[in-house]
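S.K.: After the structure tokens below, expect a handful of questions from me.
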Amino acid sequence: MIGDIRETKECQLKDPMDLFHSGQVVKICAPMVRYSKLAFRTLVRKYSCDLCYTPMIVAADFVRSAKARDSEFTTNKVGDHPLIVQFAAKEAQVLCDAARIICPFADGIDLNCGCPQRWAISEGYGACLINKPELVKDMVRHVRSQINNPKFSVSIKIRIHEDLKRTVDLCQKAEAAGVSWITVHGRSIEERHQPVHYDAIKIIKQSMSIPIVANGDIKTLKDAENVHHLTEADGIMVARGLLANPAMFAGYEETPFQCIQDWVDIALEHGTPFTCFHHHLMYMMERITSKQEKKVFNVLSSTSAVLDYLNDHYGV
């Protein structure tokens, strides 16, 4: 897909920092494994999402393999901007090489310093980087010095330390290196379903002069407003809340049928694989279907069966 858009690479790019200077809270779709791909980004952008991330891509694979580039990253000529590509990396030059490949097609990169999965941490990626502030600083600085486009953003997404002073130190080092903004998931590496420490995000926000994005347990637009109020964050990043209701940022309490119709149209147009197409619908219909309906819908095994079901039951 990268090759297809080479001719129009310059004209469609946007400066993500313009969003943070707009005076409005920036509404962001999080990087989600398998889910935040082009078709889903297209859907949430229809419903007031300002900024979208790709799923996390391992930078070393992306640099090494054209096959990895084609399967991991897809965009289009119009509409999929501003777009941030999230990379897992542990070496400054590898991250730079990935950024250089991607910069004609995306508006910025994000370094994943928050993924708590065992495989990521054992490989030296993700959340273990919050314990390596000098390395994070070095990676940000390298990308800043090697990418000539001043509008190309370089951000990081982190988790917090038990000792918040260490998190503030990490953020200040990244700021000194030229990071554009920092997304803070308000949990430590060990915490999974414990309450999010919004107070910690507020302390980080008050310690910085760059934009801070709050992330964690935001399920509705009301939640987003509350978290903004609690943290004073410049942006709100949502993951599962948008899976359950892609129209959330537009103020819908649950997925409207028009959004389901839009997903069907977009997914078919993009040739979305059946499993992904079906999973998204299962998430979107979770709150609006009965247990009995779920039993039937969730075991459907072909696109045509899903389309027939939606047409028969919902007129979609």
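One is the number of the first residue shown, and numbering goes on along the chain from there.
Cβ atoms are placed via backbone N, Cα and C, with glycine included.
All annotation found in TrEMBL is predicted automatically rather than curated by experts.
In case it helps, TrEMBL gives these features for our protein:
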- 29-293: domain 'DUS-like FMN-binding' (DOMAIN)
- Pro31, Met32, Val33, Gln86, His185, Ala239, Arg240: FMN binding site (BINDING)
- Cys115: active site, proton donor (ACT_SITE)
S.K.: Please state how far apart, in Å and to a whole number, the two most distant Cα atoms are among Pro31, Met32, Val33, Gln86, His185, Ala239, Arg240, the recorded FMN-binding residues.
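M.R.: Between the outermost Cα atoms of Pro31, Met32, Val33, Gln86, His185, Ala239, Arg240, the distance is 17 Å.
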S.K.: For Val33 (FMN binding site), list the number of other Cβ atoms lying within 10 Å of its Cβ atom.
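M.R.: Other Cβ atoms found within 10 Å: 10.
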S.K.: Just to verify a number: CA distance, Val33 (FMN binding site) to the residue listed as 'active site, proton donor', in angstrom, no decimals.
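M.R.: Approximately 11 Å lies between the Cα of Val33 (FMN binding site) and that of the residue listed as 'active site, proton donor'.
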S.K.: Taking only the Cα atoms, work out how far Arg240 (FMN binding site) lies from Cys115 (active site, proton donor), in Å, as a whole number.
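M.R.: Just about 15 Å between their Cα atoms.
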S.K.: Just to confirm: which same-chain residues, 6+ apart in sequence, have a Cβ under 8 Å from the Cβ of the residue listed as 'active site, proton donor'?
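M.R.: Listed in sequence order: Met56, Ala88, Ile121, Tyr125, Gly126, Ala127.
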S.K.: Fewest neighbouring Cβ atoms within 10 Å: which of the binding-site residues His185, Arg240?
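M.R.: Least crowded of the binding-site residues His185, Arg240, by Cβ count within 10 Å, is Arg240.
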S.K.: I'd like the number of other C-beta atoms within 10 A of the C-beta of Pro31 (FMN binding site), please.
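M.R.: Excluding its own Cβ, the number within 10 Å is 25.
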S.K.: Please work out the mean pLDDT for the residues of the domain 'DUS-like FMN-binding' (29-293).
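M.R.: Mean pLDDT, the domain 'DUS-like FMN-binding' (29-293): 97.
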